[in-house]
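**Q** Can you read through this structure? Questions will come right after.
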């Protein structure tokens, strides 16, 4: 397999993989929940007419039949005080027929009844005061109302600091408060979906699956395009925790709120869906003043994309490659039936052609490539796929009948003339003379060798035929890119070739010299993998430098970094959950990449506060020469508003 973005497991072996975290398993949310919520459009000012009108619209517009069934009234439905017996009640002015009647109305439409409550002393943006222990009583109330789901928020919850509306650095973990309500709900004779809404505090992916069916990965989505990038950067280290009954919640959808352009809405919906987020509509579908526009409605009704979200395999897509300066990136993941979904995001606000190299998502060939947003289908796609995409839009693809990367069947990739067979569309992740090729012959050869010629070199390579007479192996050169070709001369016909990239050479941070403010930091045992230390304070005044021997050409670097600079307060502004990293080779123009979060432990209480968790990201670099190369890891451009500090640097592998 070619190098890709991946996350090192930092758990002790006895604790297992994140996929195997204990989870609440009551048969609900086997796929991500879908529905509608009042908050994004109506804020904390819902009423009975609004909820009923939009619920009816779910049915009338054909959304309910596609799976959008949970109808949740968010903040603003309660009154200032509980009843004399301590139980919750609704605001009779806003909901004159009451919540039990609202639930019956929804159930009669074959919809599901969702309510909202808070783990603090009052609800976000609305009463009542909740001082005391009301979880058991509230759970009984919700069960008696025949509630189907509960969104449980996190406002006014930190006693040690006087219960402020919001505290992103609480004195204790929010986990016990959510655990109390989880236990209370479990004690009822009615199963309810429990949505943990802790805003990403204390890295809930480690504890929320045991308590609820979904957890908010970060702060609220805001009505701006930049919120998409910020949210995806926070999702990166959490995708491996997704699975049946435990879903990372990227927050409600802004599709249909007349805030994003149509291509932006397509990107928003596509990525929320393939990352297996709950799909909760936040737009006004139909009320006395508003109805959703048809283009946005068709996005919400895109059946293929809903199918990816609800796929029985239940595996989230993950970030595979990012090109910051070029303004695009690739996410992909597996689907049931051996299919693959891939999203190529155009971060630039201009229409252009973009190319997906299939090996970046682990594939070499696809018999069918379905382009969802432009409605076309391509057949027999070899190595690369190119399509036009609008500014801020996404090329969303479903790939079927695929071949794994590095596998080149002759009947697909080759043409033969006499004893010569030429394979086209050969992909190289890096420029190197150390690719390993295995030639598979159709029958045993009487010859002792075959001749191999790569367009990356004018030299002919002789490969010895194995004892079986059906295979020959050698090392060959390839250039970075998808335009290589290989010609094989053999008296026997060639069935296929297999090519694997070089392992490369690893250079830990200890091989680098720190300059200026940059410094080396030791980590706890088993962390900052695979080195056990890192270089921090990388900035415009702090760099790490090493002399690295290599051959000439364009080189792929697999960079081990650490970033747990979580955007909480800054999420309301320009916080992006990313840090800026630059790599300069031999004084050439640096390659810049904004790396996402890597932390998979609590930013408050976890080992190293999440700053010991390594991730790997790939970047292609120019300017390498034969012999020694001067390599500088820095943060050029940080002073221009990217980020003041780069991520911490663990090491890199040169392929």
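Cβ atoms here come from the backbone N, Cα and C positions, even for glycine.
Heads up, here are the entries from Swiss-Prot:
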ACT_SITE  153  active site, nucleophile
ACT_SITE  220  active site, proton donor
BINDING   198, 199, 200, 201, 202  substrate binding site
DISULFID  124-155  disulfide bond
CARBOHYD  47  N-linked glycosylation site
CARBOHYD  91  N-linked glycosylation site
CARBOHYD  180  N-linked glycosylation site
CARBOHYD  189  N-linked glycosylation site
CARBOHYD  349  N-linked glycosylation site
CARBOHYD  436  N-linked glycosylation site
CARBOHYD  458  N-linked glycosylation site
CARBOHYD  503  N-linked glycosylation site
CARBOHYD  537  N-linked glycosylation site
CARBOHYD  541  N-linked glycosylation site
CARBOHYD  580  N-linked glycosylation site
SIGNAL    1-16  signal peptide
**Q** C-alpha of residue 220 (active site, proton donor) to C-alpha of residue 458 (N-linked glycosylation site): distance in Å?
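**A** Their Cα atoms are separated by 57 Å.
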**Q** Rank the glycosylation sites 91, 349, 458, 503 by the number of other Cβ atoms within 10 Å of each Cβ, and give the residue at the low end.
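**A** Counting other Cβ atoms within 10 Å of each of the glycosylation sites 91, 349, 458, 503, the minimum falls on 458.
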**Q** Report, in whole Å, the straight Cα-to-Cα distance of residue 153 (active site, nucleophile) from residue 202 (substrate binding site).
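**A** Roughly 14 Å, rounded to the nearest whole number.
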**Q** Given residue 458 (N-linked glycosylation site) and residue 198 (substrate binding site), what distance in Å do their CA atoms have, once rounded to a whole number?
**A** 60
**Q** If I take the Cα of residue 201 (substrate binding site) as reference, which of the glycosylation sites 180, 189, 349, 503 has the closest Cα?
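**A** Comparing Cα positions, the closest of these glycosylation sites turns out to be 180.
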**Q** I'd like to confirm something. Which of the recorded positions, 189, 198, 199, 537, 580, has a Cα closest to the Cα of residue 180 (N-linked glycosylation site)?
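**A** Closest by Cα: 198.
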**Q** Let me spell it out: for each of the recorded positions (153, 198, 202, 220), count the other Cβ atoms within 10 Å of that residue's Cβ, using every protein chain shown. Which one has the most?
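**A** Highest number of other Cβ atoms within 10 Å: 198.
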**Q** Starting from the Cβ centroid of 198, 199, 200, 201, 202, the recorded substrate site, name every other residue in that chain with its Cβ within 8 Å, sequence order please.
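**A** Same chain, not in 198, 199, 200, 201, 202, Cβ within 8 Å: 154, 168, 174, 203, 204, 216, 218.
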**Q** Please report the three-state DSSP label of residue 180 (N-linked glycosylation site).
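**A** It is helical.
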**Q** Within 10 Å of residue 153 (active site, nucleophile) (Cα-Cα), which of the recorded positions 198, 199, 503?
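**A** Within 10 Å of residue 153 (active site, nucleophile): 198, 199.
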**Q** Within 10 Å of the Cβ of residue 180 (N-linked glycosylation site), how many other Cβ atoms can be counted across all chains shown?
**A** 17
**Q** Which whole-number value in Å describes the distance between the Cα atoms of residue 124 (disulfide bond) and residue 199 (substrate binding site)?
**A** 12
**Q** Other than its own, how many Cβ atoms are within 10 Å of the Cβ belonging to residue 155 (disulfide bond)?
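**A** 22, counting other Cβ atoms within 10 Å of residue 155 (disulfide bond).
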**Q** Report the member of 47, 580 (the glycosylation sites) whose C-beta atom has the most other C-beta atoms within 10 angstroms.
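**A** The most densely surrounded of these glycosylation sites is 580.
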**Q** In terms of DSSP three-state secondary structure, what is the assignment for residue 153 (active site, nucleophile)?
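**A** Note: residue 153 (active site, nucleophile) is in a strand by DSSP.
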